[in-house]
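Quick look at what Swiss-Prot annotates:
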type	residues	note
TRANSMEM	9-29	transmembrane segment
TRANSMEM	53-73	transmembrane segment
TRANSMEM	77-97	transmembrane segment
TRANSMEM	117-137	transmembrane segment
TRANSMEM	147-167	transmembrane segment
TRANSMEM	176-196	transmembrane segment
TRANSMEM	201-221	transmembrane segment
TRANSMEM	227-247	transmembrane segment
TRANSMEM	253-273	transmembrane segment
TRANSMEM	304-324	transmembrane segment
Amino acid sequence: MSLYMLVSTFAVAFIITVIGVPLFIPFLVKLKFGQSIRDEGPKMHEKKSGTPTMGAVVFITAMLISFLVFSFISGEVSAATWLLFIALALFGALGFLDDYIKVVQKRNLGLTSKQKFLGQVVISILFYLVYHFNDFAETLNIPFTNIEVDLGWFFVIFILFWLVGFSNAVNLTDGLDGLVSGLSVIAFSAFGVIAFYQEQMDVAIFCFAIVGGMLGFLLFNKNPAKIFMGDTGSLALGGSIAAISILVHQEWLLLLIGIIFVIETASVILQVFYFKATGGKRIFRMTPIHHHFELGGWSEWRVVLTFWGIGLVGAIISVCVVIF
């Protein structure tokens, strides 16, 4: 029965997305909701300008429908269900607002960094309050040990850092056709297996709803992309994967399962720090680091496949660590 629910959750999210995206693309084109390309970005990306964006509206809708329907059918509705709903829906809503400002008001940078950060903090605090008042463990496991560290009220700082950090990390990574879509299929599959192994069916249902939606979206988002997810999708996925790692109590494994997200973010931080420290010198040709490889002569598809491969290795190792 449990496996049937997971397969059904996956299938419904996949089917809704596969049907919905082709119907949504002409609607976005009619509204002229096209992606703007940064002037400072790689020149080979200029041809992507005008590609419909905000496609995440379809797959987030598909995921939420599938997740909530099968959660209620299976009787697996819990506090974790609503925590995951908060992460996906509210981070998605913040991203939607950012995208709307970019494509409708023609402000290429969208929300200011302060506005976006404030929104992320508010959502993270709401997540923490629901988490705290439902008596979830506010501890962190020391990797490869059975030692638990009780953080007490400092746990709220960790929640803020984790949710804000990973929502931004996935957002930074979303710069190549299919990159985040494929990495999300891999990462959420890994957490789905871990949640199933831990018998946390509510979390497992959520994971496989996302895998179904993302696999369906990948069919249209792979190179050459017919549609982009926008910040609507990247913020929602980043907030969700951070929330899942907390609920399955495998926070540190997210650094391995989401290793590409970590590397992309680290490359930006290092580049900025080195640039300021040396008065204008750079470590990489351009960051996030996927652009470094593009400017080094790699095709976009080669970068994406390589990064998927690294993400897959990290995910497999993580699942093995938990199960074996």
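We number each residue from 1, going along the chain as drawn.
Placement of Cβ uses the backbone N, Cα and C atoms for every residue, glycine included.
Residues 143, 165-166, 168-170, 172-173, 183, 187, 190-191, 194, 238, 241-242, 245, 282-284, 287-290, 292, 307, 310-311, 314-315, 317-318, 321-322 of the same chain, all 6+ positions outside the transmembrane segment (253-273), place their C-beta atoms under 8 angstroms from a C-beta of that stretch. Within the same chain, the transmembrane segment (53-73) stays apart from the transmembrane segment (176-196): fewer than three Cβ pairs sit under 8 Å, each pair at least 6 residues apart. The transmembrane segment (77-97) makes contact with the transmembrane segment (201-221): 3 or more of their CB pairs lie within 8 A, with pairs spaced 6 or more apart in sequence. Comparing 147-167, 176-196, 201-221, 304-324 for CB pairs under 8 angstroms to the transmembrane segment (9-29), the maximum falls on 201-221. Packing against the transmembrane segment (176-196) from elsewhere in the chain are residues 2, 6, 170, 203-204, 207-208, 210-211, 214-215, 217-218, 221-225, 229, 233-234, 237, 240-241, 244-245, 247-248, 250, 253, 257-258, 260-261, 290, 294, 300-301, 303-304, 307-308, 311-312, 315-316, 318-319, 322-323: each is 6 or more residues past its ends and has a CB under 8 Å from a CB in it.
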